[in-house]
Amino acid sequence: MSSPPPRTDIPSLTGLRGVAALMVVLYHANESFIRASGYASPHIFHGRLFVDLFYVLSGFVLCHVYVTDTRSISWRKFFAARVARVYPLHVLTALLGAAGLYALSKMSGQGLPPELTIGQAIRELTLTQAMPFIWKDLIWNSPSWSISVEFYTYVLIFPIIYIWLHRVRPSTSVLISGTLMAALIPFLFFADIHPARGAGAFLRASIGFLAGWSTWLVWKSPAKRLRPSTVLAVMVALFAGTQFYPTSLDDPWYVLPLMPVLVYGIAGMTSPLDRILSGRVLSYLGLVSYSVYLIHPLILKATQVVFSRMGLFQYGMGLFIAVSLALIIPCSYVSWRFFELPSRDWLKRRLD
């Protein structure tokens, strides 16, 4: 029996995905300026934990689309759709990243970059570049670490949800995901691990995905919806928690539980905030968010080179970020419209 046809999406969650992508871009743009300019500029945007919001959204949306009590899933079609969704653009941007590394090494008169090895090429092609026991810190396009671990949540975690867990009570699902997240937070704070590689990365993706599953189970139950004012308060708390935290901490992992609460609140909300998230600008960012996420580091690196050669860093971080965004957003649309969508459809047909 074939997979259930995808149900209507939830526009406000598409807009929330766009917000998450923008926060990650602003963080990397801020970091890129500081590293390349040599100026002691403040780190204003701390958006890298919004990657974890992607995991929660993915768990919620995949359950919303595929988990049903009336039809069984076609695993072949499911995996074909997942591979077609992430693989073509990942390979393209990885190759562009590798070409950029090679070009920069030639420009600086250095030898072959350490990232350009057969082993790393295999990891990139198999999407294992950030997986436990396999990863090396040699990724060609740096944000693709999260694509690696998220892809394997599709392969390893979603089948567990579908086969064994989708019939559990919503309260039980919250207990499972809440307990795992409560254990994850001190692990990320105190364990000697890389949070964006190996076990740390895969646990973040898996537990975030499970949090999305439990959020979906509660959302589709007769549970009481959150008031718009409560949802707004959660959103403000999440932004404040990620942007303002003690400098003694590398990351404010304690904000992670706010993410499933925010997704739950936004998915069931009708309010001015819902209309903003569902509006044209943020919906557009949400649609092209995968291209934004994978293309933006390449554009940031090119912008660094141009600013360095033209002596533009002296004009400040605001100009650097403005120019970067002015390039990233239209280039992401071009990527989405003329590569991401056609290649996804082509590969999905081939794999089906």
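Including glycine, each Cβ sits where the backbone N, Cα and C put it.
Residues or ranges marked as domain 'Acyltransferase 3' by TrEMBL: 11-336. The predicted model assigns the domain 'Acyltransferase 3' (11-336) a mean pLDDT of 94.
Under the heading transmembrane segment, TrEMBL lists 12-29 (among others). Only residues 6 or more beyond the boundaries of the transmembrane segment (12-29), in the same chain, are considered here, and those with a CB under 8 A from a CB of the stretch are 45-48, 50-51, 53-54, 57, 60-61, 143, 242, 262-263, 266-267, 269, 274, 276-279, 281-289, 292-293, 296-297, 300, 320-321, 324-325, 328.
If you look up TrEMBL, you'll see 49-67 (among others) marked as transmembrane segment.
Per TrEMBL, the feature transmembrane segment maps to 87-105 (among others).
Away from its own ends, the transmembrane segment (145-165) comes close to residues 51, 54-55, 58-59, 62-63, 66-67, 73, 75, 78-79, 82, 86, 90, 127-131, 135, 139, 173, 176, 196-197, 201-202, 204-206, 209-210, 213, 294 of its chain (Cβ-Cβ under 8 Å, at least six residues beyond either end). Residues or ranges marked as transmembrane segment in TrEMBL: 145-165 (among others).
Annotation source TrEMBL lists transmembrane segment at 172-189 (among others).
Annotation comment: TrEMBL describes 201-219 (among others) as transmembrane segment.
Annotation source TrEMBL lists transmembrane segment at 226-246 (among others).
Feature annotation from TrEMBL assigns transmembrane segment to 252-269 (among others). Tertiary neighbourhood of the transmembrane segment (252-269): same-chain residues 10, 12-13, 16, 46, 49, 52-53, 56-57, 60, 177-178, 181, 184-185, 188-189, 208, 211-212, 214-215, 218-219, 225-226, 228, 230-231, 234-235, 237-238, 241-242, 245, 277, selected by CB-CB distance under 8 Å and a gap of 6+ residues from either end.
Counting residues 6+ beyond its ends, the transmembrane segment (281-300) has Cβ neighbours under 8 Å at 11, 13-22, 24-25, 28-29, 32, 85-86, 89-90, 93, 96-97, 100, 141-144, 147, 324, 327-329, 331-333, 335-336, 340 in the same chain. Annotation source TrEMBL lists transmembrane segment at 281-300 (among others).
Here TrEMBL flags 312-339 (among others) as transmembrane segment.
Among the stretches 49-67, 172-189, 312-339, the one making the largest number of Cβ pairs under 8 Å with the transmembrane segment (201-219) is 49-67. Beyond the transmembrane segment (172-189), the same-chain residues lying 6 or more positions past its ends with a Cβ under 8 Å from any Cβ of the stretch are 165, 195, 200, 203-204, 207, 210-211, 213-214, 217-218, 249, 251, 253-254, 256-257, 260.
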